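A.B. asks: I'd like to ask you about the structure that follows.
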Amino acid sequence: MIIVKSKRDLKSLIGSWKAKGEEHGVVMTMGALHEGHLALVDAANKDNDRVIATIFINPRQFDNKADLETYPIDTNEDLRKLKASGVDAVYLPQVGEIYPVGYSTTVSVADMQDCLCGATRPGHMDGVTTVVSKLLIQTNPDRAYYGQKDFQQFLLIQRVARDLDLMVDVIGVPTIREEDNLALSSRNRRLNTEQRKIAPTLFKVESAIADLLIQGEAVDHVLEWGRNYILEAGFEKVDYLELRSEENLTLITDSSSKEERLSSRVFVAAWMGNIRLIDNLPISR
Ligand code: AMP
């Protein structure tokens, strides 16, 4: 497994693959890798001759300084996992490689930005779409893999790739969960024993909401029930619990058609202490 740290070395590595006619996929991460990240690697391995993973904790997507400062870092273990998963190369840039002095360009999608995580985390989505654009340009892949756990992020990246003609297939990989259905997340490492027991409530509520909507219950009613259930279970704050279209994140309400309701996703973000967990689930599974 090759480790590259500069754009220059990255360019010559990718050039050598292209010269041999080899297609490559990219998996972008912020490290602290778990089985969710490795599922993206597995998907990339199946579709491509070569796979490159990137590890970069992007300061521009953290709206909360404490979250950035406490974000887990375990590079040696990450590299071991990537090697064992059959990754060909890892790009490990320093901040200056991505944002040199004087850097002043932002990639911002006008659509699908203001809702969900975009509404509660100012600047977060622009930070994501900017760094992903840069990493897509630098790694120049045939395919790029993102987790459906961050569904809004996945849709925004698809839009960037299309709007900017990046000529890459943006592929969404289903969420990997623990046995109790908690979505895997690097932030789960920060949960204490009590919080860890409460955390799967998010999935429990999402699947109950899906079942209730399929049975014909009203959208407003089930969402209100869900919000109360999450708070009573021990979460301190719910940033959002909403039903939205999988195509373009349009809000689904009681005035939406039955077809729209049943082809939507339920999205949730909630806080325990200073840890914010997110999840989403399609209504028709
Ligand atoms: P992160 O390191 O948290 O920025 O995540 C890097 C990539 O892994 C993103 O595309 C995430 O959506 C994806 N990812 C994170 N957790 C999961 C999971 N539980 N299942 C599938 N993909 C995930």
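Note: Cβ is positioned from N, Cα and C throughout, glycine not excepted.
Annotations per TrEMBL:
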- HIS37: active site, proton donor (ACT_SITE)
- 30-37, 147-150, ILE176, 184-187: ATP binding site (BINDING)
- GLN61: beta-alanine binding site (BINDING)
- GLN61, GLN153: (R)-pantoate binding site (BINDING)
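Can you tell me where each of these features sits in this structure?
C.D. replies: For HIS37 (active site, proton donor), the same-chain residues that are 6 or more apart in sequence and have a Cβ closer than 8 Å to its Cβ are VAL27, THR29, ALA53, GLY147.
According to DSSP, HIS37 (active site, proton donor) sits within a helical segment.
Proximity of GLN61 (beta-alanine binding site) to non-local residues of its own chain (separation of 6 or more, Cβ distance below 8 Å) is seen for GLY123, HIS124, MET125, GLY127, VAL128, VAL131, given in sequence order.
The Cβ of GLN153 ((R)-pantoate binding site) lies under 8 Å from the Cβ of CYS117, MET125, VAL128, TYR146, each on the same chain and at least six residues away in sequence.
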A.B. asks: For GLN148 (ATP binding site), what residues in its own chain, 6 or more apart in sequence, show a Cβ-Cβ distance under 8 Å?
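C.D. replies: The answer is PHE154, GLY172, VAL173, PRO174, THR175, ASN280.
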A.B. asks: Please list residues from the chain of MET30 (ATP binding site) whose Cβ is under 8 angstroms from its Cβ, counting only those at least six apart in sequence.
C.D. replies: ILE55, PHE56, ILE57, ASN58, TYR71, SER186
A.B. asks: Return the residue, from the listed binding-site residues LEU33, GLY36, ILE176, with the maximum count of other C-beta atoms within 10 angstroms of its C-beta.
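C.D. replies: Result of the Cβ crowding comparison: LEU33.
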A.B. asks: How many neighbouring Cβ atoms, not counting its own, are there within 10 Å of the Cβ of SER186 (ATP binding site)?
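C.D. replies: If we count other Cβ atoms within 10 Å of SER186 (ATP binding site), we arrive at 19.
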